[in-house]
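K.L.:
My structure is below; once you've seen it, I'll send some questions.
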Amino acid sequence: DVVETQDHYKSRWRSIWIMYLTMFLSSVGFSIVIMSVWPYLQKIDPTADASFLGWIIASYSIGQMAASPLFGLWSNYRPRREPLVVSTAISVAANCLYAYVHVPHSHNKYYMLTARALVGFGAGNVAVVRSYIAGATSLTERTSAMANTSACQAVGFILGPVFQTCFTLIGEEGITWKLVHLQLNMYTAPVLFGALLGVINIILIFAIFREHRVDDMGRQCKSINFEGEGSGVLDQDAEGNVDHVAVVAINFLFFVILFVFAVFETIATPLTMDMYSWTRKEAVFYNGIILSVVGIESVIVFMVVKTLSKRTGERAILHGGLLIVLVGFFILLPWGKKLPNIQWQEIKNDSIPIPRTASTEMLMPFWSLQAMQLPSNHTVEPVGCPVTQSWCLNTPMIYLAQYITSDILIGLGYPVCNVMSYTLYSKILGPKPQGVYMGWLTASGSGARILGPVFVSQVYTHLGPRWAFSLICGVVIVSLLLLEIVYKRLIAFSVRYGRMQE
């Protein structure tokens, strides 16, 4: 029989809610400065270029990828409060460093790079969070808890830019506290706010968080890092080996899921600027609205999937989510005959936007000659598909309806795949300590977020959307085939050893 006192139940779920908060703050730490990194970088170090900005963005994921297995290993053998507090303290210190990167007289960009890498390193605690929630919930509670965790993460990504927007009211100059060389402006206020939230999180971990562990049936268990009082039973269900084929398969599937979403996020701005002749401001504004709507859609999906999984099971929903993502990228393939507007460029590198029509194609040499004779002091921002991307001359445009439909489908499929991957993974691992395994899964996702933008910058720029999205469709098809092959192995540890019925 499942025996749990009311006090133990309340303490267990209070601790899980603290983990939800920790996950939320980790994602806020990433997104709260994402819109202001580039202007702040240009302000503190004029020697920084766009390629260095790419390293700063990627440094967060690199730091998280390195830290996740380490914190996961730590949480397997010591009370989880230790890695949680240390990782959060690292994030607080890194945010404070980010607020002071303007102080040195040189190499400011490297201080910013270090600060963002350390924020990512601190965010490696998501492996500890996921492993704790997996160990503190029964099989029947697991899907709902994992969905709530992912929802908190998604809300953090959504609200981060909102916080950033509110802090823009302070302005670029803001207030200077000369005694401690602190500038409180639209660039530093968000990270200092993030640091304050981190301090509050540490206080709550000490005050409320308690170590709890239950088996798949919901019975209280003792473990190496168990701190609570009570007569927890020894977990006999821990006997047996983890199915490592299933573990590797889920890691690969999770990598693919995060990879395609990273591609989707990264390609949004350049794709819309090329296809619809949007200016930089228009692309950032419109895509910001679209991604916000997609984020809200994802949170709704996280809530719905908890109920749906009880009827169909996690494997079927994961299969359906991958199919939806496949359809979303398939729709993005160029299908029509109309070509995008071309951003004509002079030999002097002064751009003149000229609409692409049949007459301009016939008179191309004439237009080129006229462009060379025009003065180079025009201030119009060049829009359209740049002629330096040779595919612009022969690849049909992607219609706006295609783009928006794809956004909706990917916004539906991604959260489904995300939650089901974590849920299946935790159930496959069973009652054994999951810290290291969750660390590897988090590292897989971080690696995907690093490689996704690199893939886009190379394939899309040189070969165009037809090749980029075709390759993505191919990768998703491979993942679907893999899912079919290992489908029967993706079952809970207790079900595999006959201790529970599925």
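Note: Cβ is positioned from N, Cα and C throughout, glycine not excepted.
For reference, TrEMBL lists these features for the protein:
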DOMAIN    15-491  domain 'Major facilitator superfamily (MFS) profile'
TRANSMEM  17-40  transmembrane segment
TRANSMEM  52-72  transmembrane segment
TRANSMEM  84-101  transmembrane segment
TRANSMEM  113-133  transmembrane segment
TRANSMEM  154-171  transmembrane segment
TRANSMEM  191-209  transmembrane segment
TRANSMEM  245-264  transmembrane segment
TRANSMEM  284-305  transmembrane segment
TRANSMEM  317-336  transmembrane segment
TRANSMEM  403-425  transmembrane segment
TRANSMEM  437-455  transmembrane segment
TRANSMEM  467-487  transmembrane segment
K.L.:
Which one of these stretches, 52-72, 154-171, 245-264, 403-425, has the most C-beta pairs shorter than 8 Å to the transmembrane segment (284-305)?
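P.N.:
The stretch with the most contacts is 403-425.
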K.L.:
Let me check one thing: do the transmembrane segment (17-40) and the transmembrane segment (317-336) come into contact, meaning three or more Cβ pairs under 8 Å with sequence separation of at least 6?
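P.N.:
Counting Cβ pairs under 8 Å (6 or more apart in sequence), the transmembrane segment (17-40) does not reach the transmembrane segment (317-336), since there are fewer than 3.
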K.L.:
State, in range form, which of 84-101, 154-171, 191-209, 245-264 has the highest count of Cβ pairs under 8 Å to the transmembrane segment (403-425).
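P.N.:
Most contacts with the transmembrane segment (403-425): 245-264.
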K.L.:
Assess whether the transmembrane segment (437-455) lies in contact with the transmembrane segment (245-264), where contact requires at least three Cβ pairs under 8 Å among residues 6 or more apart in sequence.
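P.N.:
Result for the transmembrane segment (437-455) with the transmembrane segment (245-264) is yes.
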K.L.:
Which listed stretch (84-101, 113-133, 154-171, 317-336) has the most C-beta pairs under 8 A with the transmembrane segment (191-209)?
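P.N.:
That would be 84-101.
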K.L.:
Averaged across the domain 'Major facilitator superfamily (MFS) profile' (15-491), what pLDDT does the model get? Just tell me the whole number, please.
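P.N.:
PLDDT averaged over the stretch: 80.
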K.L.:
Do the transmembrane segment (52-72) and the transmembrane segment (113-133) share at least 3 Cβ pairs under 8 Å, sequence separation 6 or more?
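P.N.:
Result for the transmembrane segment (52-72) with the transmembrane segment (113-133) is yes.
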K.L.:
Residues sitting near the transmembrane segment (84-101): Cβ under 8 Å, six or more positions beyond its termini, same chain?
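P.N.:
For the transmembrane segment (84-101), the list is 22, 25-26, 29, 33, 44, 67, 71, 108, 111-112, 114-119, 121-125, 128-129, 181-183, 188, 191-192, 194-195, 198-199, 201-202, 205-206, 209.
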